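Scroll down for the structure; my scribbles are underneath it.
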Amino acid sequence: MEMYETLGKVGEGSYGTVMKCKHKNTGQIVAIKIFYERPEQSVNKIAMREIKFLKQFHHENLVNLIEVFRQKKKIHLVFEFIDHTVLDELQHYCHGLESKRLRKYLFQILRAIDYLHSNNIIHRDIKPENILVSQSGITKLCDFGFARTLAAPGDIYTDYVATRWYRAPELVLKDTSYGKPVDIWALGCMIIEMATGNPYLPSSSDLDLLHKIVLKVGNLSPHLQNIFSKSPIFAGVVLPQVQHPKNARKKYPKLNGLLADIVHACLQIDPADRISSSDLLHHEYFTRDGFIEKFMPELKAKLLQEAKVNSLIKPKESSKENELRKDERKTVYTNTLLSSSVLGKEIEKEKKPKEIKVRVIKVKGGRGDISEPKKKEYEGGLCQQDANENVHPMSPDTKLVTIEPPNPINPSTNCNGLKENPHCGGSMTMPPINLTNSNLMAANLNSNLFHPSVRLTERAKKRRTSSQSIGQVMPNSRQEDPGPIQSQMGKGIFNERTGHSDQMSNENKRKLNFSRSDRKEFHFPELPVTIQPKDTKGMEVKQIKMLKRESKKTDSSKIPTLLNVDQNQEKQENTGNAQTERKKNLPDVE
């Protein structure tokens, strides 16, 4: 009921309540039948019977069931709302309906009853209150027999809602062998009421109803008389014997001739003698004057008009649901594309920044003597090692660039992979790095070191040996813990001397969306071998030593080593001793 706004009560009875509600999204007015929560199974049985029928059968002259739901253990049936009934018409027209209107209504009611009977369905509660009438004059049969109409405050409820007035004699006597004729009897009683404005067999009890049936319609049949005499309810009761005219027009003088014939055919005491619904549709009352041929196009036009009105309401309700479904389909579709072709396109876009980054790292690694074709070949080996890091299984011929783009959210993984892989050959002989802040990183690197690339060519092996020779120039850079301060100072030296390399690395940082501070945390293990600028491609090992000596002389490279610490301690001791000697030699000032 969260989607509906309650506007008021339509009816209330022993089985449930009928509420007039408004859909909050579409504004459509509906009637919701709410069944009471009862421990007995009769309520659920009645509700499930109605739900099963309404879901199975659809007709222009039957009320439409919109939806069914259960809330707080109560069954809710949502119907289209038509607030006008034949009973309302009779209250407005006290002397009965006009003949043309009456014939149109009866024809539509018979169409609904014939549809039910053709499907072996018995309504069992046909009465003016259960015949809905739309504004365009379309009648629809409904089943609100479980609820009774609400009277004004202070008014007394009548027995009309019990529908006793329209019960066939076999139902009154509780005969178990009743069928479709009970609806025909109720139709005959309703026709008289619609034509005259007064109920034909109003009664206060079953015995009163039987007495009036005998007086106005006819005596009981032998079968029904036998049931009556054996019934303990009617024990000791004697019904009168009345002689009735056989002519229908004399029997029902207030009715039109043809209409009296229909009523007479409907109100037969023996159920086997009653007319069928299909025969009633072909009665002269409906076939004369070409009524059916004229009224059917009019009826279809009205039904089409109402369908258009309903179509203006229902798409509003279904449009939001359809939009949600379309969004879900789009989401599923885009996810599918991302997992297949779109992912490949995005990865191809990321190829260039990754290649640039690899080249810059090679410059940092001191591979200045490697030509460009060799770099491309080495990138193939690097991609194979990166593929070993990835979870996705790759074939030996697949390059890393086609696996996944760099992750800007977690740059440490990509940085470590790209920074360490160029030195994987030399790091095979490197002693374990014991860094307090990067144990996890060192462990990840070692896991990759013991899986060398199969695609490493002889040229890559030569570069590996050259990298080992370069690494042997400064053995302290591999064996000593550089520490975070040394890594920062090494960064400063590198930034001062390699302006062009900084520009390229800054471009790569923007593309990969990580800051310089993030790189400081992860790249310090190989900083000692990255102090060589890109412009020193043809330099020899001696020139590298000269650069490193000059870097030690600069103010920015005040990196304490073990030797420097010992020398500083000796200097401090010497200066301290000299000061004490001077103080001793100074004369005392009085």
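Each residue, glycine too, has its Cβ placed from N, Cα and C.
Pulled from Swiss-Prot, these are the features on record:
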- ASP125: active site, proton acceptor (ACT_SITE)
- VAL10, GLY11, GLU12, GLY13, SER14, TYR15, GLY16, THR17, VAL18, LYS33: ATP binding site (BINDING)
- 4-286: domain 'Protein kinase' (DOMAIN)
- TYR160: phosphotyrosine (MOD_RES)
- 459-508: region 'Disordered' (REGION)
- 547-590: region 'Disordered' (REGION)
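Location within the structure of each feature annotated in Swiss-Prot.
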{"residue": "VAL10", "record": "ATP binding site", "DSSP (3 states)": "strand"}
{"residue": "GLY16", "record": "ATP binding site", "DSSP (3 states)": "strand"}
{"residue": "ASP125", "record": "active site, proton acceptor", "DSSP (3 states)": "coil"}
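Of the recorded residues, GLU12 (ATP binding site) and ASP125 (active site, proton acceptor) place their C-alpha atoms 17 Å from one another.
For the pair formed by GLY16 (ATP binding site) and the residue listed as 'active site, proton acceptor', distance between Cα atoms is given as 16 Å, rounded to the nearest Å.
Calculated from their C-alpha atoms, the gap between VAL18 (ATP binding site) and ASP125 (active site, proton acceptor) amounts to 17 Å. Cβ neighbour count within 10 Å across all protein chains ranks VAL18 highest among the binding-site residues VAL10, VAL18. Each residue contributes its Cα atom, and for ASP125 (active site, proton acceptor) and VAL10 (ATP binding site) those atoms are 18 Å apart. In the structure shown, the C-beta of GLY16 has more C-beta neighbours within 10 angstroms than that of any other entry among the binding-site residues GLU12, GLY16. The residue listed as 'active site, proton acceptor' has a Cβ environment of 19 other Cβ atoms inside 10 Å.
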